[in-house]
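Per TrEMBL, the features are as follows:
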type: BINDING; residues: Gly22, Ser23, Gly24, Lys25, Gly26, Thr27, Arg135, Asp180; note: ATP binding site
type: REGION; residues: 42-72; note: region 'NMPbind'
type: BINDING; residues: Arg48, Lys70, Ile71, Val72, Gly97, Phe98, Pro99, Arg100, Gln104, Arg141, Arg152; note: ribonucleoside 5'-phosphate binding site
type: REGION; residues: 134-144; note: region 'LID'
Amino acid sequence: MTSEAKLSKDDMTVCFILGGPGSGKGTQCAKLVQDFGFVHMSAGDLLREEQQRPGSEYGELIQNCIKEGKIVPSEVTITLLEKKIIESDSNRFLIDGFPRQLDQALAFEKEVIESTLIIYLECSEEVMLKRLLKRGETSGRIDDNKETILKRFKTFLELSYPVVEHFRKSGKVHTVPCEDSVEEVYARVKPIFAELFKQK
Ligand SMILES: Nc1ncnc2c1ncn2[C@@H]1O[C@H](COP(=O)(O)OP(=O)(O)O)[C@@H](O)[C@H]1O
Ligand SMILES: O=c1ccn([C@@H]2O[C@H](COP(=O)(O)OP(=O)(O)O)[C@@H](O)[C@H]2O)c(=O)[nH]1
Ligand SMILES: [Mg+2]
């Protein structure tokens, strides 16, 4: 079978870091960057950047989706991620908070590149809510308020969690409980990467 993906898993490694809002995706990615030299791409950060870019045709659409805890149409996010990957000199990428919906997962793997490893950070809504409300005290994010957080939880359960379920069959998913301290969670995440990738 020939693959239509533009990039090959043989030349490049893409890991998806998944988990509900506030599960600690960004925090764990920052630690992996230090130890393993991955390039970290937060889909949410890329969308916020695009939303603020003067002249962006998607600014309003992105802002509305983020405010309502909805998922931005796949083409927008996939285009931003693909551009970053192609522009980068690196061949190791952590994609944080994407794919958030099954069609995005299928499209990205078919058209851009297949993922090598998937981390799912498992966390209760109670803990995520606490973390996000605390983050909201300083983040300035329009979605770190209780009303939007509850909408994000609903979106995660209905649309994003099925992505994790889908990939489970492939054997690529490592589920990591993440309600303990940052260091304790990283002590679970690091060995998964150490087995597959050389440290810096
Ligand atoms: N293991 C942890 N214990 C306590 N707080 C955490 C932990 N991991 C992350 N945080 C904090 O919780 C908030 C959400 O973490 P973040 O990495 O931004 O999550 P995500 O990217 O999944 O939304 C941040 O304020 C972060 O500092
Ligand atoms: O692939 C993505 C990633 C993010 N988002 C939007 O951006 C918001 C914030 O995402 P981010 O990953 O930054 O939030 P986190 O999970 O880290 O709290 C989400 O609620 C969505 O509205 C999206 O539409 N598609
Ligand atoms: Mg994040």
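Placement of Cβ uses the backbone N, Cα and C atoms for every residue, glycine included.
Known features from TrEMBL, placed on the structure.
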{"residue": "Ser23", "record": "ATP binding site", "CB count, 10 Å": "26"}
{"residue": "Gly24", "record": "ATP binding site", "CB count, 10 Å": "24"}
{"residue": "Lys25", "record": "ATP binding site", "CB count, 10 Å": "27"}
{"residue": "Thr27", "record": "ATP binding site", "CB count, 10 Å": "16"}
{"residue": "Ile71", "record": "ribonucleoside 5'-phosphate binding site", "CB count, 10 Å": "20"}
{"residue": "Gly97", "record": "ribonucleoside 5'-phosphate binding site", "CB count, 10 Å": "24"}
{"residue": "Pro99", "record": "ribonucleoside 5'-phosphate binding site", "CB count, 10 Å": "29"}
{"residue": "Arg135", "record": "ATP binding site", "CB count, 10 Å": "16"}
{"residue": "Arg152", "record": "ribonucleoside 5'-phosphate binding site", "CB count, 10 Å": "21"}
{"residue": "Asp180", "record": "ATP binding site", "CB count, 10 Å": "13"}
Rounded Cα-Cα span from Gly26 (ATP binding site) to Arg48 (ribonucleoside 5'-phosphate binding site), Å: 14
Greatest C-beta neighbour count within 10 angstroms, which of the binding-site residues Gly22, Gly26: Gly22
DSSP-assigned states of the region 'LID' (134-144) in counts, ordered helix, strand, coil: 6 helix, 0 strand, 5 coil
Rounded to the nearest Å - Cα separation of Gly97 (ribonucleoside 5'-phosphate binding site) and Lys25 (ATP binding site): 7
Rounded distance in angstrom between the Cα atoms of Lys25 (ATP binding site) and Pro99 (ribonucleoside 5'-phosphate binding site): 13
Sparsest-packed among the binding-site residues, when each Cβ's other Cβ atoms within 10 Å are tallied, from Arg48, Gln104: Arg48
